[in-house]
Amino acid sequence: MRRKTLKYLTFFLLFIFLTSFVLNYSNTGVPSAWFPKQMLLELSENFRRFIKSQPCTCRHCISQDKVSYWFDQRFNKTMQPLLTVHNALMEEDTYRWWLRLQRERKPNNLSDTVKELFRLVPGNVDPMLNKRLVGCRRCAVVGNSGNLKDSSYGPEIDSHDFVLRMNKAPTVGFEADVGSRTTHHLVYPESFRELGENVNMVLVPFKTTDLQWVISATTTGTITHTYVPVPPKIKVKQEKILIYHPAFIKYVFDNWLQGHGRYPSTGILSIIFSIHICDEVDLYGFGADSKGNWHHYWENNPSAGAFRKTGVHDGDFEYNITTTLAAINKIRIFKGR
């Protein structure tokens, strides 16, 4: 990243020097006094346009088009991952699809719920998610697979700009293998766990009640049960609460999963979320362990892999998506030691 940025800056400075030399010492008749002000402004604008035309300063930029037809057919850079006051109005077909995900009966009015929600939590996109003009944002998406055990990936994971985790994943006691840093943690009410003070909670709402739960959990604590008991109160700073856009869930389902499963898992939602906000993405803790077992790294689960047979998510198809992304050099997958 630094080498590529340095190359751009060197090119820019060299261009200024050569232009200045030509204007001051040739017989063009252009006054040298004109150069410092007007020419610098034009050069600065041209350089800004040049940099803006580059997806990033990484060696491989995820959003670079015309690298893979398969990727270009699925990736829509105009899709906004987070719900805000500016994009909260959903198309009717998207809204009806979302309501069917968990067959919610008599849902509250979504518009009223969103208005109440954004009186409590930020209504604008997390400024950290806005990509810089020049740079390379490296992100680690840490899954919950048992293949993280004894991997010693911890320091490598922590070296990324963003570290995304999901659901009930703990770090305390597992730092050597999974790292200790978390910048964004994706959860839904039934999978919530206490988060660190500076961690951004990204709520993935599968029903209107999930949005109401955020309101309740940060105020009155009246919602204690959905289809299972949920925490009545949470210790998360309101400015650290972000909402995954329901329309983005449908985008993942339509464009990436092409209708496989009932709806996307938190894992694939985290991955597609990351390729929209990051320039480089590394996956850790996805897939089975070396013995072919599917279980969480923090537990010895006698029924490992049972979740793959529920029919809610198509785990095999989702895993094929991740391996294809890796095969075309859009992401990297670290499968454990």
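If you go along the chain as it appears here, the first residue is 1 and each next one adds 1.
For all residues, glycine too, the Cβ spot is worked out from N, Cα and C.
Feature annotations, courtesy of Swiss-Prot:
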- 1-4: topological domain 'Cytoplasmic' (TOPO_DOM)
- 26-337: topological domain 'Lumenal' (TOPO_DOM)
- Asn76: N-linked glycosylation site (CARBOHYD)
- Gln102, Asn144, Asn167, Tyr227, Tyr263, Gly267, Gly287, His296, His313: substrate binding site (BINDING)
- Asn109: N-linked glycosylation site (CARBOHYD)
- Asn320: N-linked glycosylation site (CARBOHYD)
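Nearest neighbour of Tyr263 (substrate binding site) by Cα distance, taken over the glycosylation sites Asn76, Asn109, Asn320: Asn320. Counting in whole angstrom, Gly287 (substrate binding site) lies 26 from Asn76 (N-linked glycosylation site) by their C-alpha atoms.
In sequence order, Asn144, Leu186, Val187, Ser191, Arg193, Thr266 are the residues of the chain that are 6 or more apart from Asn167 (substrate binding site) and have a CB within less than 8 Å of its CB. Taking each Cβ in turn and tallying the other Cβ atoms within 10 Å, the top scorer among the recorded positions Asn76, Gln102, Asn109, Asn320 is Gln102. Taking the Cβ of Tyr263 (substrate binding site) as centre and 10 Å as the limit, one finds 19 other Cβ atoms among all the protein chains shown.
The recorded positions recorded for this entry are Gln102, His313, Asn320, and the Cα of Asn320 lies nearest to that of Asn76 (N-linked glycosylation site). Cα-Cα distances to Asn320 (N-linked glycosylation site) place none of the recorded positions Gln102, Asn109, His313 within 10 Å.
Within 10 Å of the C-beta atom of Gly287 (substrate binding site) sit 19 other C-beta atoms, taking all shown protein chains into account.
Model confidence over the topological domain 'Lumenal' (26-337) stands at 88, taken as the mean pLDDT rounded to a whole number. Here the Cα atom of Gln102 (substrate binding site) is found 16 Å from that of Asn109 (N-linked glycosylation site).
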